[in-house]
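Engineer: Feature table excerpt (TrEMBL):
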| type | residues | note |
| --- | --- | --- |
| DOMAIN | 38-141 | domain 'HPt' |
| MOD_RES | His79 | phosphohistidine |
Amino acid sequence: MEGNQLPCQASYMRNALFNQGYLDDQFLQLEDLQDEANPHFVEEVVKLFYSDSARLIRNIELTLENTPSDFEKLDNIMHQYKGSSSSIGAKKVKKECTQFQEYCEVENIDGCLRTFQEVKQEHASLKRKLENYFQLVREAR
């Protein structure tokens, strides 16, 4: 009985990620690329995103430590991170990246610092949620 419930739970969890605004249609496009030959495609792409994004987050942290602030460099790194976020459909993360870039444009370091904390929070929250989702998907197979 429990085995039959797992696919339903995975579907419910996936729908919740969309309904709560964590994911957008780009995630659906990734799922469309997944097939029997590569059944873990989406999970692998997401893992690559988190590996790459850890490097970008660290680069932003190091750049934020510099005085005076290099807003152009911060914007460029965040632009890369935002692009990566968009590629997996990380809607909330992308929104915070956009806000960060707006603060870079007006050279507002306090806004950048505040928004960067939000970026990291949304990044971590989505990572936990997707890890739980992929675990449930694996169990449902």
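Yeah, the Cβs are placed from backbone N, Cα and C, and that goes for glycine too.
Neighbours and distances for these, please.
Structural biologist: Around His79 (phosphohistidine), the same-chain residues at least 6 positions away in sequence with a Cβ under 8 Å from its Cβ are Gln101.
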Engineer: Report the DSSP secondary-structure composition of the domain 'HPt' (38-141) as helix, strand and coil residue counts.
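Structural biologist: Secondary-structure composition of the domain 'HPt' (38-141): 90 helix, 2 strand, 12 coil.
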